[in-house]
Amino acid sequence: MSHSNENSNGHNQTTRSNGNADEFDDYFRDLDNEMDAGNDGFDDDFLDIYNLAPRDRLVYQAKKTVNQILGHFYALPIFHRIIIIILLSVVGLLGFILLIFHEKILNKLVSTSNELKESWSTTYILFFLIFLVSFPPLIGFSLISTVTGIIYGISFHGWSILASGAVVGSVCSFAVFKTFFHDRAERLVHMNSRFEAFASILQENNSYFILALLRLCPFPYSLTNGAVAAVYGVSVKNFAIANIITTPKLVIYLFVGSKIKNFSEAESAGTKLLDVFSIVLALAALVATAWILYFKTQKRFAQLQSQRQSGNHISIDPTFEI
């Protein structure tokens, strides 16, 4: 009997040893899989790029980016792909028409803008259009703002139209969605994972400073107005102040519009080239500033997430560096 107990104990120990070995094997197997998944393609890409000349590296990265874009495109539902193809076709057609008839179009643009500038109703029409596109899902804020620049140039009158229309429209859109369409506003938040990140920041700190940063980031204008209404604690007052603070950026639209008009009026090739360069530079500055602010705020959001997971008290210092 003693011998039987010893055999039984030995068998149990062997079983436990095998079980522990299996657990360790499973653990390290999972660890290897996670490491492989996290570094998927990294070693191959690194070795490939390391042996390439600078020019070949640029070509390699360009091809890789194109393949990634195509991969995302083919991963979309067929209906979305059809819409994208139609939109690209329309843009290409408009670009072709502009290339062929650009002189006639620009001359007509100048004459029409001069007539609109002299009309007393233009101010009210532009204000109404800017107010209207503040409500989601309407689009066209950038286009209308640029048209305002074509008509009035860089002037206080043009800026006052944009600023008043944008502030009043944004606040009204925010108030309407907050009061009557709160469920719809929540759906707008969840339409974009990046906007969800900003919504989390606003839940921790909904000061006008953070809201102003949000207004400067590259999110659709009207959708932002409606989506912010879903964030608990954001007041109409702070939202209005944030919109007022960011009105100076509207001068960029006026600048681009004025340069488009100058381009159509200029006779020398040098002047036209300078106008085109100024437009590209202004747009690049606007986009770069928006994306820098976006990534800075995303970095801050990652810090908040880390603090939340560690159980520390979460707070946002409104003076953090941008």
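Placement of Cβ uses the backbone N, Cα and C atoms for every residue, glycine included.
Any TrEMBL annotation is an automated prediction that lacks curation.
Quantities reported herein were computed from a predicted structural model and do not represent experimental measurements.
Noted in TrEMBL for the protein shown:
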- 1-22: region 'Disordered' (REGION)
- 1-20: compositional bias 'Polar residues' (COMPBIAS)
- 78-101: transmembrane segment (TRANSMEM)
- 122-144: transmembrane segment (TRANSMEM)
- 143-258: domain 'VTT' (DOMAIN)
- 150-177: transmembrane segment (TRANSMEM)
- 239-256: transmembrane segment (TRANSMEM)
- 276-295: transmembrane segment (TRANSMEM)
### Query
Against which stretches of its own chain does the transmembrane segment (122-144) lie, if we need a Cβ under 8 Å and a gap of at least six residues from its ends?
116, 151, 157, 161-162, 164-166, 168-170, 172-173, 176-177, 188, 220-223, 225-227, 253
### Message
Averaging the per-residue pLDDT over the domain 'VTT' (143-258), what integer do you get?
### Response
79
